[in-house]
Each structure stands twice: as structure tokens, then as C-alpha cells.
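Student: To start, I am sharing the structure in question, which I have written as C-alpha cells.
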């Protein structure tokens with residue numbers, strides 16, 4: 001459930017499907033409560049602040065200091081209730097299950113049954129209509145139409161006795177207008193309501209069959225932080241028209257009794273309204289919108305417009321409640337199924353980080369609740385942490401429904417399976433992520449990310465097409481033409497890992513935008529190149545742009561979108577814009593070379609980059625991304641060995657075929673040896689020296705990851721060689737100009753877009769391994785058709801199917817592998833995931849272009865056509881190797897699923913032990 005809706009209602013009627021009865025019930029209560037010094041009840045703003053200061057002062061047990069003793073009070077109290085029945089009552093043989101719902105501080109019973117957005121976020125609606133529960137929610141004492149007792153009297157123990165009285169009436173069958181006999185009664189609480197539920201079952205272990213504690217842990221250490229941040233103020237001053245004293249209510253009622261309003265209020269129970277307005281002095285409320293956000297919501301995961309609404313409907317609490325807020329029972333003999341569900345960033349019970357336990361044996365702070373239960377079996381306890389959530393619960397309400405149902409059934413197997421599926425994962429996988437405060441921010445984000453993929457391919461493919469024209473004008477010899485094409489990919493690939501680490505340290509948004517701007521600058525300057533050296537220099541610096549924005553872009557996509565159809569669609573569109581950019585690069589280079597000048601190819605790309613950068617700078621900073629748990633340090637040793645190692649090795653391979661004596665040339669041997677030594681040093685540093693390695697080895701421990709990486713290295717290498725030699729073959733062997741070449745390559749763009757877009761809606765239906773095998777076959781067909789192509793080929797028999805096969809290969813591979821890699825790595829490794837994905841892509845292109853160049857050079861005696869065909873046969877062999885490694889890879893359907901962090905939490909709680 002989206003957390004913004006949990007603070008969203010004041011007045012609520014019953015939904016159309018469920019049947020609800022609202023009534024105020026008198027209950028007789030006897031309770032032994034604390035007797036406190038009268039000065040703890042604030043009479044003005046200064047005294048309210050003083051109370052909070054005393055309650056939060058370190059080293060001071062203020063409650064104990066002001067406790068005068070204990071007293072037993074008895075009386076009849078009114079409790080405002082709502083009892084709801086499912087639209088379809090349980091059939092014969094089905095259990096009748098009742099949930100008793102207790103809200104927390106700053107809320108009333110409408111917390112559980114929100115009228116907001118046509119009840120789409122009502123817990124009660126889901127409980128009754130989707131799962132067949134009966135529900136009983138109520139206003140705690142001091143809230144709404146329940147009795148407003150003295151603020152020192154309304155405290156934990158009195159409210160627990162009220163809850164006990166209500167539950168006892170259910171058990172005895174004396175609850176008004178409720179004739180059902182229930183097979184089980186389940187108590188569900190939130191925050192202070194969870195504390196009351198816990199104490200209830202400690203005092204009366206047999207009163208409940210199962211309990212669910214949300215927004216809770218037994219650790220009261222952090223209550224001070226929450227209490228200070230809430231900025232409690234006197235309710236009568238903060239909300240005089242709603243939470244004032246008797247005089248405010250009487251004033252409003254006197255107006256309502258006069259013409260022309262008296263007819264509107266005919267038949268209304270004035271005493272009930274008077275009760276809801278009559279608050280004695282001393283009640284407190286959170287001060288303002290900021291305090292509500294601090295105490296209940298997590299920045300970046302709610303719509304800011306909800307804050308003024310929440311401020312208008314907030315409910316009061318009493319000093320008596322605040323004084324007894326830390327009174328959790330030390331132990332309980334309750335042994336029924338118990339569940340604790342808390343937000344990752346809960347402030348009052350976790351200090352803002354429920355995963356920071358300080359104990360390696362404890363996965364999350366709420367897990368410590370189990371220590372309270374002396375008779376509770378491990379199989380009857382389940383703890384779940386909802387990621388990216390504050391104190392107000394943010395997961396779909398189905399998580400509480402199904403878990404509670406399984407708890408009552410008492411089936412361990414069902415509980416384990418439900419722990420994995422209970423969040424309505426399919427629904428979560430389709431929802432807009434909470435980091436986007438509105439749809440326009442998500443659209444701007446997607447345009448920025450898709451534009452970056454578009455432009456990275458634009459400046460790869462188009463350059464290969466414009467290269468013959470450019471080489472002729474700048475007088476670049478044939479043996480040097482590989483460098484302007486490969487240096488871009490080489491620099492990009494070499495700097496991806498360091499750039500990913502910068503994204504971890506400084507934020508993916510900043511690194512992404514800097515990369516786009518850098519790319520814009522050097523793309524524009526590249527269009528002014530005057531000679532070979534300037535062109536290579538500009539292309540190299542151009543490569544630093546994608547090195548920055550590609551891994552940070554993948555990091556953003558992988559972090560923001562959880563596994564599911566929405567992630568599949570966005571990743572597929574991200575992959576779709578690669579062939580669009582690829583084709584656009586070819587067509588623009590063809591048009592520029594044919595009608596203008598090759599320089600306009602760079603300048604047109606710069607104009608598109610300018611548009612993307614404006615959208616990116618406008619939308620990305622507006623996202624509310626949660627920080628990484630720990631920011632890693634920059635791995636300088638790794639950077640100083642990985643980057644030069646990659647550059648030297650690829651340089652040696654690329655230039656060896658044109659060196660005076662080939663591999664025997666001294667500078668080739670020296671650069672190769674130095675590069676290998678540097679990479680060996682990097683291997684040692686990353687594995688055994690670096691505290692925060694650029695390339696953590698545990699990345700390769702993920703099942704199937706290593707053979708997948710090898711397969712991708714060969715697959716992307718084949719694609720890079722295909723792009724380079726197919727365009728040269730068409731232009732130089734088949735004698736087609738650049739514009740015709742661009743038209744002939746158009747099926748790659750159209751087919752790629754269709755494949756990627758359709759894939760976004762079907763990846764959750766087909767096994768990933770099957771799709772990868774299909775893509776592997778596409779690689780083989782694409783290069784094989786060029787290898788066997790006759791002298792005067794028919795376009796529809798050879799070129800067209802080769803283009804379709806090539807796009808089948810690269811687009812399916814890209815989408816399936818990206819989704820698999822990002823889904824199986826935790827949030828803190830999404831940056832390195834983006835770096836690995838793109839490193840494999842760019843480095844394989846540079847590496848295999850160098851190897852293919854050697855093949856072409858060594859087969860020069862066959863003539864240009866023969867040497868190109870030899871390169872294509874080499875591609876066929878590499879594609880075969882890629883498919884061979886896929887035998888060791890098993891990838892299932894890209895369906896909605898838990899994130900890595902959620903799966904780890906399940907395992908930590910024992911719920912996911914056998915998965």
C-alpha cells in the first residue's frame with residue numbers, strides 16, 4: 001500500500017461492498033494505572049515543550065520521577081466502534097475470523113478504513129471483501145467519539161483494559177448487533193496500538209488466537225527521537241475548531257441550532273457531536289506538517305500534497321500515553337502465531353534504520369520482539385521489514401491479510417510460501433515507484449534514460465557509417481581507421497567501473513547529469529576535428545560521457561524499479577532505444593555524408609543531447625531517492641590498475657595487425673605485457689586488498705552469473721564486429737553509398753523497437769533461457785548470411801534477414817540479461833551492475849574488433865572481400881561459443897518478485913529458508 005494514504009481520512013462512511021455498523025458502546029473498565037504529579041499536564045505552550053524535554057532527556061527516567069504511586073479506577077467509558085462483515089459471508093466449513101484493529105498515536109479508527117480514493121486503500125475493504133475477514137475497529141480512549149478522559153488518566157493500561165473489555169464482549173457473544181460466533185480472534189495493531197496488543201496478550205494470554213504488530217519493535221531506545229521530532233503542541237491551540245475544549249464545541253453547536261442550519265441537523269445526536277468536540281485541556285498533537293513527515297513518513301516515498309491533508313485530520317494523544325509509551329512488557333506467555341511488520345526507515349522504534357541492529361545475529365531490530373515471548377515456538381514467529389518505508393506502513397494491506405490468515409491456519413508451509421507472496425507482488429511490480437512524486441517526473445526520467453541509450457548507440461553505429469567519408473576528407477590511412485571507431489568504446493569500457501563507484505559516492509543522479517553534459521561538450525567539439533589525432537582525442541574524451549551516464553542510468557533503473565512488468569517494460573524500452581539510436585546514427589550519418597558534411601553528424605547528435613540534458617536536469621533532481629546504507633570509499637588502487645590495464649591490452653590487440661612486425665614489434669609486446677601485469681595486479685587488489693573494490697568478487701557468486709558474463713562478452717563482441725564489417729561490406733564490397741546503407745540497416749531499428757516493446761509485456765511469460773537461446777541463434781544467422789553472401793546478393797534473401805536476426809540477437813540479449821543482473825544484485829551493487837553490463841558491451845566490442853582486425857590482416861591475400869568474409873566466419877565461431885556457455889545458464893521468467901533485500905530479510909527471519 002502506498003504510505004501516503006495511511007494518513008488520509010477523518011470522516012468515513014461504509015464502502016458499498018462490505019456491511020458495516022457504527023455504534024458507540026459503553027464498557028465497564030477497572031484498571032490499575034499510574035498516578036502522576038499534576039504538573040505533567042501542560043497548561044500552555046511552554047509547559048508542553050518542557051514536558052517533551054523532560055521525557056526525552058538522556059539519563060533521566062522522567063516517568064519514574066513523576067510517578068506518585070498507583071491507583072485503581074473504575075468507570076463506564078464510551079468506545080466508538082465500527083464492525084464490518086464481508087460482502088460474501090464464509091460458507092459452510094469455512095472459518096469465521098475476526099480482526100480487532102487498534103490504531104496508533106495521531107490517528108483514529110479510520111486509519112484502517114480509508115475513504116480516500118474510493119476506498120482503494122482501505123485495509124478493511126481488503127480484509128472483508130478479498131479475504132473474508134470480519135473486522136472490529138475502534139477509537140481508542142481520548143479519540144473521536146470515544147470518551148475523552150482526563151489527560152493523566154488516559155494511559156496505556158486503561159486503554160488495554162478497554163481493548164480487553166471489547167474483546168471479552170466478542171468472546172461472550174454480548175457485543176451489540178453481532179450474532180456471529182468466531183473461530184478465531186486476531187488482534188492487529190499499529191504503533192501504540194501494537195504496544196497495547198502486546199500488553200493485552202501478556203496480561204491475558206488466552207484472549208487472542210494470533211497477533212500482528214505493525215510499525216513496532218520492543219526497542220524503546222529511539223522513542224526520544226520520534227517524540228522530539230513530532231513537536232507536540234497543545235491540541236486546543238493547534239486545532240481549536242476540532243480539538244478544542246467544550247466552549248469551542250458549544251459555539252459551533254449553537255450556530256448549528258439556528259436558522260437556516262437547524263433543518264440540516266434535524267435528527268442528529270447532538271450529544272455525540274458534543275462529545276467529539278469536548279477535549280479537556282492538556283491533550284497534545286504533532287505540531288505541523290514537518291513533524292508529521294518526520295514521525296510517520298519517509299522522504300522521497302510520498303506525495304508532498306498529502307502533508308497539508310494529514311495536518312488537517314491529525315488526532316490527539318495524552319501526556320498519560322506519552323508517559324507510558326515505553327511500558328512494553330518484559331515477557332509474555334502468549335504462544336499463538338505472532339507477526340511483526342515494520343518499515344525499514346521507522347523512526348520511533350528503529351531510529352530510522354531497522355536494519356542497523358549492531359548484532360550480526362539479528363537481521364532487523366523488530367526481530368527482538370520474539371525475546372518477549374517465553375513460550376513462542378520459532379515456527380509461530382514471523383518478522384518482515386518493508387523497504388523504503390517509514391513508521392506509517394507502506395506495503396499493500398494484503399501483506400497483513402494473508403499472513404494473518406495463514407497464522408490462524410497454523411501451517412508452516414503456507415506461512416513460508418505466503419511470506420514470499422504476501423505483498424501482492426504482482427501489484428507492486430506494476431505500480432509507479434514512490435520516488436516519482438508524479439507521473440511527469442517519471443516520464444522525464446524515462447526520456448532522459450532512453451535518450452542516453454539512444455545517443456550512446458547513435459555515436460557508435462553512425463560513426464562506422466560516416467567513417468569512409470570522414471577518413472577520405474581527413475586523409476586517414478586504412479590501417480588506422482579502426483582507432484577512431486574503437487577508441488570511443490575502449491575509453492567508455494575502461495572507465496565504467498570507476499564511474500560506477502563515483503555514482504555510489506556522489507549519487508547516480510549527479511554522475512548521470514555530469515556524464516550527459518560532458519558527452520554534449522565533446523560531441524560538439526568532435527564535429528570540428530581537423531585531423532586524425534584531433535578526431536581520436538575527441539572520440540576518446542567523448543567516451544567518458546557514456547562511461548558516466550550508462551552505469552548510473554542502469555543503477556537508477558535497477559534501484560527504482562522493483563521486479564515486475566513495469567521494470568520489464570522500462571528496461572525493454574531502454575533496450576529498444578538502442579536500435580533506434582543505432583539506426584538514427586546510420587541515417588543521420590548517411591544524410592550528412594550525402595547532402596551536408598560529416599561534421600553535421602556530430603552536431604545533430606549534440607542538438608539531441610542538449611534536449612536530453614535539459615529534460616534530465618529538470619526531472620532527475622526532483623526524484624526522492626533513498627541514500628545507500630553505506631557509501632563506499634573510492635578504490636584508487638583498483639582504478640590505477642584496471643583502467644590502464646584494459647587500455648594497454650586492447651591497444652596492443654587492436655594495433656598489432658598494423659605494427660611493422662606484428663606481435664613481434666617491441667611497443668606491442670611492451671604494452672601487452674604491461675597491460676597484463678596491470679590487470680593481474682588489479683585482480684589481486686580487488687580480491688584481497690581493496691576494502692571497497694570496484695569489482696567485488698561476490699558479484700560472481702550469484703548463481704549463473706559467471707557463465708552469463710562470458711556468453712555476453714562473446715555475444716556483444718559478435719554484434720560489434722557485425723556492425724563494423726557489415727557497414728563496410730555494404731559500402732565497399734557492394735558499392736552502396738552511405739544513404740542506401742542507412743536504408744538497408746533500417747530493419748534493425750524497426751525490428752528492435754518492436755521486439756523490445758513487445759518484450760516488455762511478455763518477458764514475465766517466457767523463460768529467460770529460451771529467449772537467450774533464440775537471441776544466440778539470431779547472432780549466428782546474422783553473421784552467417786554475410787559469410788555466405790554471393791557477389792550480387794538479393795537484399796530480401798540476405799541483407800534483410802541478417803538485419804532482423806541481428807536485432808533479435810542484441811535486443812533480446814540486452815533486455816533479458818539486464819533484468820536478470822539488476823534483479824539479482826542488492827541496491828548497493830546496482831552501480832557495479834550497470835558498470836559490468838556496459839563494460840562487457842563496450843570492452844567486448846573493442847576487444848573483438850581488434851581480434852577481427854588481426855583476422856582481416858592475416859587473410860589479406862584473399863582480397864578485401866575474402867578477408868571480410870573471414871571476419872564474418874570468425875563471428876560465427878564466437879556466436880557458437882556464446883551459445884555454448886548459455887547451456888550453463890538458467891534464467892526463469894522475469895515476473896514480479898521480491899527484491900534481493902526483501903529475500904534476504906525473509907531468509908533472516910527463517911521464512912524463506914528453503915527457497
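A Cβ is built for glycine as well, from the same backbone N, Cα and C atoms used for every other residue.
So TrEMBL says this about it:
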- 1-17: signal peptide (SIGNAL)
- 440-460: transmembrane segment (TRANSMEM)
- 445-894: domain 'Major facilitator superfamily (MFS) profile' (DOMAIN)
- 505-525: transmembrane segment (TRANSMEM)
- 569-588: transmembrane segment (TRANSMEM)
- 600-622: transmembrane segment (TRANSMEM)
- 634-654: transmembrane segment (TRANSMEM)
- 666-685: transmembrane segment (TRANSMEM)
- 706-730: transmembrane segment (TRANSMEM)
- 742-763: transmembrane segment (TRANSMEM)
- 770-789: transmembrane segment (TRANSMEM)
- 795-820: transmembrane segment (TRANSMEM)
- 832-851: transmembrane segment (TRANSMEM)
- 871-889: transmembrane segment (TRANSMEM)
Student: Under a criterion of three or more Cβ pairs within a distance under 8 Å and sequence separation of at least 6, are the transmembrane segment (600-622) and the transmembrane segment (440-460) in contact?
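Tutor: Output yes: the transmembrane segment (600-622) sits against the transmembrane segment (440-460).
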Student: Would the transmembrane segment (666-685) count as touching the transmembrane segment (706-730), if touching means at least three Cβ pairs under 8 Å and pairs must be 6 or more apart in sequence?
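Tutor: No, the transmembrane segment (666-685) does not contact the transmembrane segment (706-730).
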Student: I need to check the long-range neighbours of the transmembrane segment (770-789): which residues 6 or more away from its ends have a CB within less than 8 Å of a CB in the stretch?
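Tutor: Sequence-distant neighbours of the transmembrane segment (770-789): 711, 715, 718-719, 721-722, 725-726, 729, 763, 798-799, 801-803, 805-813, 816-817, 869, 872-873, 875-876, 879-880, 882-883, 886, 889, 891.
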Student: Can we call the transmembrane segment (634-654) and the transmembrane segment (832-851) in contact, meaning three or more C-beta pairs below 8 angstroms at a sequence separation of 6+?
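Tutor: When sequence-distant Cβ pairs are counted, the transmembrane segment (832-851) touches the transmembrane segment (634-654), since at least 3 lie under 8 Å.
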Student: If you count every Cβ pair below 8 Å, which range out of 440-460, 505-525, 706-730, 795-820, 832-851 shares the most with the transmembrane segment (569-588)?
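Tutor: By Cβ pairs under 8 Å, 440-460 leads among 440-460, 505-525, 706-730, 795-820, 832-851.
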Student: Of the listed stretches (505-525, 795-820, 832-851), which one yields the highest count of Cβ-Cβ distances below 8 Å with the transmembrane segment (706-730)?
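Tutor: Going through each listed stretch, the top one turns out to be 832-851.
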Student: Near the transmembrane segment (795-820), which residues from the same chain, at least 6 beyond its ends, have a CB less than 8 A from one of its CBs?
Tutor: 554, 563, 567-568, 571-572, 574-576, 578-579, 708, 712, 715-716, 718-719, 722, 726, 730, 744-749, 751-752, 755-756, 759-760, 763, 768, 771-772, 774-783, 785-786, 789, 837, 891, 894
